[in-house]
Amino acid sequence: MENSELLRVEHISKSFPGVKVLNDINIDFRKGEVHAILGENGAGKSTLMNILFGYYRAEEGSLIWEGKKVSLHSPLEAQHIGISMIHQENSLVPYLSVMDNIYLGHYPKNGAFIDKRKLRENAVDLLRELEVPDIGPDTPVEKLSVAQKQLVEIVKALSLKPKLLMMDEPTAALTAKETHTLMNIIGKLRREGTAIVYVSHRMEEVFEVADKITVLRDGVMIKTVDKTDIDIDEAVRLMVGRDLENQMSSMEKRDPASISSEVILEVRGLSRKNKFEDISFAARKGEILGFGGLVGAGRSELMESIFGFDKIDSGEVLIKGRVVQIKSPYDAARYKLALVPEERKVKGLFPDLSVGDNINIASYKKLKKGKLIDKKLETEAAQRYVEKLNIKTTNTRKRIGDLSGGNQQKAVLSRWLQTEPEILILDEPTHGIDVGAKAEIYGIIRDLADQGITILLISSELPELLMLSDRIVVMSMGKISGIVEPQDYSEENIMMHATGQKKSNLSERLKK
Amino acid sequence: MWNFTTGADAAPKSIKKTNKKTFNELGILIVLAALCVFIGLFNPVFFTATNAINVLRQISVMGIIAVGEAFVIITSGIDLSVGSFISLGGVSCAALIVAGVNPWLGLVLALALGAGLGFASGLCVVKLKLNPFITTLAMLNIVKGISYLISGGLPIDFDNPVAVLGGTVGPIPVPVILMFIIIVIGHIVLTKTEFGRNIFAVGGNEKAAKLSGIRVDRVKFAVYAITGVLAAFAGIITAGNLNSADTAAGSGMELDVIAASVIGGCSLSGGQGSIVGVLIGAGILGVIRNGFVLLMVSNYWQMITIGLVIIAACAFDMFRRSKQ
Amino acid sequence: MWNFTTGADAAPKSIKKTNKKTFNELGILIVLAALCVFIGLFNPVFFTATNAINVLRQISVMGIIAVGEAFVIITSGIDLSVGSFISLGGVSCAALIVAGVNPWLGLVLALALGAGLGFASGLCVVKLKLNPFITTLAMLNIVKGISYLISGGLPIDFDNPVAVLGGTVGPIPVPVILMFIIIVIGHIVLTKTEFGRNIFAVGGNEKAAKLSGIRVDRVKFAVYAITGVLAAFAGIITAGNLNSADTAAGSGMELDVIAASVIGGCSLSGGQGSIVGVLIGAGILGVIRNGFVLLMVSNYWQMITIGLVIIAACAFDMFRRSKQ
Amino acid sequence: GCAQQAPAASEEPSQSAEASESAAPEESTGAEASAGAADAGSYEWKQVGEVENVKIVEQEPEKPLRFAFLGFQNNPFWNLVQDGVAEATEFLAGHNVTIDNINLGENIDATVINNGLEAAVAQQYDGIVTTPFVTGVENYIDAAVDAGIPVVTLYGESEKPSKRFVFIGQDNKEAGQTVAEAMDEALGGEQGAKFAIITASFTMENLEIKRNTVKDYLESKGYVSVGDFEANDSADQTYTLTKDILTANPDVKAIYCVAGGPYGAPKAIADAGKTGEVFVIGHDETAENLGYVRTGEMTVIGQNPTGVSFDGFMYLYNKVVAGQDPEEAVLASHSMIIDKDNVNELFPE
Ligand SMILES: Nc1ncnc2c1ncn2[C@@H]1O[C@H](COP(=O)(O)OP(=O)(O)OP(=O)(O)O)[C@@H](O)[C@H]1O
Ligand SMILES: Nc1ncnc2c1ncn2[C@@H]1O[C@H](COP(=O)(O)OP(=O)(O)OP(=O)(O)O)[C@@H](O)[C@H]1O
Ligand SMILES: [Mg+2]
Ligand SMILES: [Mg+2]
């Protein structure tokens, strides 16, 4: 493994109007090395990478690429010298096909024209390399699930065969299987001498893959260390600037008996063509019902259908024992349902509205005096969540599009928490959220359940699912493949169901 | 347990910023002021009360409709049909009154017609999922055709009590008073009511709005219907002003109204805009037009100037915002 | 190891979809065919070769410009100024030739002027970050003013070799031939070249396009400049056809061109559209207009009908797509 | 359909005198408006339905004939035009002629007219009457004539030659001159007195000739123009512009509206409390305008659009049935001033 320097970042600083986001950053990126950058939401990780990618320009500092000073004015220039990036926010073109997206900006050409055959062949090869042959090269990207889009992003970044590959939370939307594949690919790239910058809020992952770790806090570089010289607790301490008791592990399983037996939500034989089939389950008052499954298992589609955002072909939904017709999210809200959608940017965020409006938009009924919205109530409500979830923003009037990804997610989550629902559906609620805030959110979820709110929790992060759920429904290919009780909890067990293997198989294996 | 420093000191800051918000329209206000000074320098008549009243009266129709148009634009729609609704409002009200209907009932019926046809645009946009541009372009033709069918192309006498809406109270034209009332109501609706927030939400991200429990369909129906009513109302005012309802009235007004909204800061991609801005936008257009007459700008240069001023106003505003 | 059934059958599905893609324009093609049959039933003259050629000639200007407009719309822009570029193209070319410039050089210079002013729109959109709607609305006025300055408002004689572009080859009008050539080139550029793909990318997700290393600015400059050139060219063809360059030529054409593009499946929010669709869209408008004259539809009903047909065409297309 | 078989106007211009009590040609043509009325080939002011200027030949067509009228509809002027077409349709129905009244819409544009001409040729009409106004239609008129279809043009056409066999319409220079003289009288010869012109659009050749004729004449007399403005045929815009003009130039003495909706001007003058202080002259005897004429707030220059369209068809009938051409290929529909003094005789309420 040659460990020569590829890119040196010297004294980089960057401000956005009103905020200094990066302050005097100095890092070396070396060939064949995986360099993880850790930091809380809003610490400046994405900003730093965007500077290295030529998308933003730093006010101060310089970049030394293979010993020569370079200045990058655009992503195009970065790509020319061999830098490629997997973006935190999905940055694909929805109406274009998968292969077009992969080769956008660097099409294989045949004279003046695009070489369509080569384009398809190359795309298929790359998809196969990433073990995602199920994504058709001609499919328009808008038809893919979030996880599939994330995979396409990865393939796209790889297609450039970069010398420096930056990954901004590449696994946030991925389940264990795809994450594992990605780890293998990173291993291969490292052996081939590619330098990798890796950002993730999943600590275990970071500690599995990284060689070096740099910690950022509020735009300031705290430390760069070899992975072997640091452990998770220490890293988290550096990130948040103080000791943080590990709330996750300390969170105790609830006693199943303590949960009421009153069924609040029941679903009977729900089907939607090509999405899910014959889904039946019941959730009790105050229960946290987890939903596990692989990418494309149909969990999101199921929840959105229950919520009235999509149609249901057959089956019925009962709330407190009564059959209800939920034709739109408005109806759902009247039955005190709330859904935090998985694709923040597409289905959750109002990018041009303020942080406050984003938090309050579903709750204005509560923030009125007479017919008019009360400014004070409104500001207070938003402020409460900004503080509660530690949303990093200068004020609640700030345009939410200017917040970091994790902070946006927190605001979107706040919106639905504020509606005080009786049934709360959470679809990947901690997508992109840092460790500290995650613990806080886990606490909130548990609190809500303790208050008697029924929670349906979709998560692709198995530890999260196992820790929070009172029971776990596992879906596979649009069907329920099993409901796992706490006594059977294990990552392996969930995965067995998720891949559609029979219970009998599983028990046989367990016997062995 | 947790120490939320960021959150804690965010509170006072946010209040400061909130107060700043009123100056969002500062950029175009500066443009408007600059235009006024420029024209006034060359022709002091500009600053006379009579002329100021003239300008206000001239923008009153534009200003009234622009409130509805702003609503539509903020939901990320567009209404190209308002010009023909002006014609329809005047002509249908006049025809009803000539046919012996009580004038005020005629007014109400004409407004209802405007609302209904506006609603029809909304229906196409919502139910048929058609693009608002093409829907309202089609509606422009349909409504114009209806006006012609009603009037037979001839102006209809508008000498009735309703004509008072186009008259004056002392030196102040009634249309100006009506414009200010509508602007104030529009501003309150947009900034202080749930409906107003929903308008922004629908334009900001329709899917997210729907998932947040907002009845997106109703919001859209409402904004097109409101625009229909306001445009029909503006048409009745125009007819009252001339004592005659002209089928040709209002033609081309849609572009002025949209330009006023956009100069005033409404984003055509939705989710952004303000009624105060729209009023200033209408003011800029009104002052330019008035200025041409006052300064006797040669007709060819008029067009070039108006184009350049529109670009300059928007560019200046953009520049100022980016410096914020 | 893992069994991805959902994914597995997604692949063949997607491949099927691709093959179907050529029929994306089927919906509006059906509308066009239905219109033709309807008109032909009531007046068999519609199906004569003469009339067919007439219709083609009538849509040729619209069709030529719509290629550029489609490019602009697919980048999620809009160009409202094409009408005035038509006037500018004819008038500037005519004025140069009258002033003694070699006719073909005059043609080239007029096209260059169109390119330059189109580029100026692009500049405002890209560098000043202005909204394309308002930019090109302003440009409409500016360019119209320039045409007036050149012509003094009066038509200029266009009796020169360049007029052959508006003539006929045997029974076939040259503008029709030119339209088909431009349509074919436009189609190839849009579907087979990297530039074409970049147009879709810029309109589909500008940020993603930029991050993919596409020079978004250049793409935008290019589409506005291309539209400027095509509109100026169409103006020269018109002048050639009429043997006279009229400053009023092309006024209002922008709405037709945009309507043709949208009926033809270009999404005004960008990222979607095709040149074949645009041609069919232009065909629908041309056939309706021709039909009015053949069927002697009363003027009032004309407006209503044209509105309804536009809505019906779009709705039918929408419906068919949603069934896919 | 009470049109009589009167001799051609050009032969006996005063023929109509006894035919109508309301239209008093002697008095009306007594104004300076009809200064050129005595010229051969000139075209008299007549009320359609009572008298027409041209006699149709005493010959019936061999087969049923189809004529097409290609007109527009963008302001009340066209309703006067349509009255004449309707009269002609009714009248010629008795001579085995059907008239197809094709409306080209609102946008008076060479391309639109050409498209209409092409369609009419494709349908093999026996004759076409159209209202070109703009230039650029000549090739298409020629194509129609070459296809064996005679064409009549009305109201306005460009100065470029075409193969139409007759044009009937206002002589723009003469109309302008008439207006200019009326304004001159109103301005009273006072040096430096101010006037303004509001036109529909600076691109309409026929309007531009009128505007320039008036402007040149008045300026040559020492009056001062305070500007030329476009009102797009809109009464509302005319109103607004008039108010601005009055504010900017309180001493303006006369306004000429070369546009549709001129009645916006007297209304604005009234609202500014200046009735009687400003002379307004505009085109066409529409009902709205006549209302202001009756109260003396406005003067109108008329060109008898109804009579012109009626007679267009008579000339076409003669041409198609008997191959008879009018004496002159250009017939002027003389302009005449309608003011408070003669309006009630010409147009009784
Ligand atoms: N375009 C922008 N305008 C203004 N401020 C911005 C903009 N982009 C980012 N910021 C601010 O910069 C800071 C750093 O953001 P960045 O996206 O780099 O954080 P991050 O470390 O990637 O966080 P996360 O883990 O949530 O993705 C945040 O406070 C954010 O609000
Ligand atoms: N807009 C869409 N159009 C067509 N197919 C879609 C669309 N969105 C999702 N799908 C498909 O529906 C299936 C179910 O997706 P869904 O998002 O519900 O799965 P999931 O279990 O939530 O998995 P994930 O972890 O990827 O979110 C997937 O195969 C996906 O490709
Ligand atoms: Mg980030
Ligand atoms: Mg999902």
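Keep in mind that glycine also has a Cβ here, set from the backbone N, Cα and C atoms.
The annotation transmembrane segment is assigned in TrEMBL to B:26-49, B:55-75, B:82-101, B:107-126, B:133-150, B:170-190, B:221-242, B:248-268, B:300-319.
Tertiary neighbourhood of the transmembrane segment (B:221-242): same-chain residues 60-61, 64-65, 67-69, 71-72, 75, 77, 79, 81-83, 85-94, 107, 110-111, 113-119, 121-123, 125-126, 158, 162-167, 173-175, 178, 182, 195, 199, 249-250, selected by CB-CB distance under 8 Å and a gap of 6+ residues from either end. Per-stretch counts of Cβ pairs under 8 Å to the transmembrane segment (B:300-319) identify B:26-49 as the leading one among B:26-49, B:55-75, B:133-150, B:170-190, B:248-268.
Among the recorded stretches B:26-49, B:55-75, B:248-268, the one sharing the largest number of Cβ pairs closer than 8 Å with the transmembrane segment (B:82-101) is B:248-268. Among residues of the same chain six or more beyond the transmembrane segment (B:26-49), those with a C-beta under 8 A of the stretch's C-beta atoms are 171, 263-265, 277, 280-281, 283-284, 287-288, 290-291, 294-295, 309, 312-313, 316-321. For the transmembrane segment (B:107-126), the residues of the chain that approach it from at least six positions outside its boundaries are 77, 79, 81, 85, 88-89, 92-93, 96, 101, 132, 135-136, 138-139, 142-143, 146, 162, 216-217, 220-233, 235-236, judged by C-beta separation under 8 angstroms.
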